[in-house]
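Asker: The structure's right below; bear with me while I get my questions together.
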């Protein structure tokens, strides 16, 4: 992580007020505080002339003119014009409080699902009985069943454990690096035993795969037939298994039962949560062979590699623009249709994607979690903080192609380029000559105009011109 020279840690408060002795972490915060002592009240109310030291104090004062009730946060004293905004703001305090403790280690969590996930991962129930073949652990009652199902002695032979352990098939010379690979392979050697119906295997007549239960074979055959018996009542989409339908229905209900124990973010599927937690652990197992950049999820690596190859497999059917990710295409299509499915319940403003709505809600709640380590200024999104920090570092990466001037923000460059366009338009207006043609009406239906180009050149004689 980037650390600026002389940057204070989260515990240090090196900037002290010379009047009251109060300490601050950032010099910019100290300057704002000292204005209250020095009488520097630069923010003036246009209604009554009242002056305030801070913009926040002026905003609170202006509500008194509007005759609206202020909703004050009992935790920090911040005021809001709407009870819904106060509720959103209070959520930031509730997330910090972490009121749900783990009875085993005392760690506190903001959500019950986060607590349950923590207990499952950090305090799993004891399973003292370890399988000697695959190292899985079980309670006493489950181990014999696992041995009978996963490691049938007539098929599997396991070599002595070593760093290069191989699992050898007793029916053919093939060997495998994992017991699961050997189990999948061993199905091709299993034949139904007519003499022992209890051990009869259920074979798929299409691909030859065998199953221990007829119900499992029936479910497998549905994959070949394309049958999807479980239909979503909302959109009609079909699924092979009921569990897949349950996960799909969460996209309609918005239910997200799996919460991250580190940041409280919720997800609709446990697999998505596990992939998300890699970002907290710093785990990036998927590495780009071209530039060496690491990713926590394989799909993110696939999308990233398209930036090297130039592949854009998702074209827009309206304008032909290509995208590297299907989700980017979905958001782009809304610019053509005008669809904005996500709306703010406080002000009614609508958005094309949920991430923009979340950023908008932070503005309502005054929640700005991204703080500049140099001056203490806070931002609601990380991208705005990154742009802001360029002003401290002196980076100017956006260059004007017309005059060569550099800017730290793309937005500043766009505003600058408008001045070039205005200058060009003014120059064109000044150099363009406009020909004014006057008309003289003679009689009710005869109109006399100025000379045409042909008449000027002498190629055509006007009927109203005398000839010699």
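Using N, Cα and C of the backbone, Cβ positions are placed for all residues, glycine too.
The zinc finger annotation in Swiss-Prot covers 71-93, 100-123, 129-151, 167-189, 202-224, 230-252, 258-280, 286-308, 314-336, 342-364, 370-392, 398-420 (among others).
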Asker: On the 0 to 100 scale, where does the mean pLDDT of the zinc finger (314-336) fall?
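Answerer: It averages 87.
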Asker: Decide whether the stretches the zinc finger (100-123) and the zinc finger (258-280) have at least 3 CB pairs under 8 angstroms, with pairs required to be 6 or more apart in sequence.
Answerer: yes
Asker: List the helix, strand and coil residue totals of the zinc finger (342-364) as derived from DSSP.
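Answerer: Tallying H, G and I as helix, E and B as strand, the rest coil: 11 helix, 4 strand, 8 coil.
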Asker: Can you count helix, strand and coil residues in the zinc finger (230-252) using DSSP?
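Answerer: Tallying H, G and I as helix, E and B as strand, the rest coil: 11 helix, 4 strand, 8 coil.
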Asker: Let's see if you can do this one: DSSP helix, strand and coil counts over the zinc finger (314-336), in that order.
Answerer: 11 helix, 4 strand, 8 coil
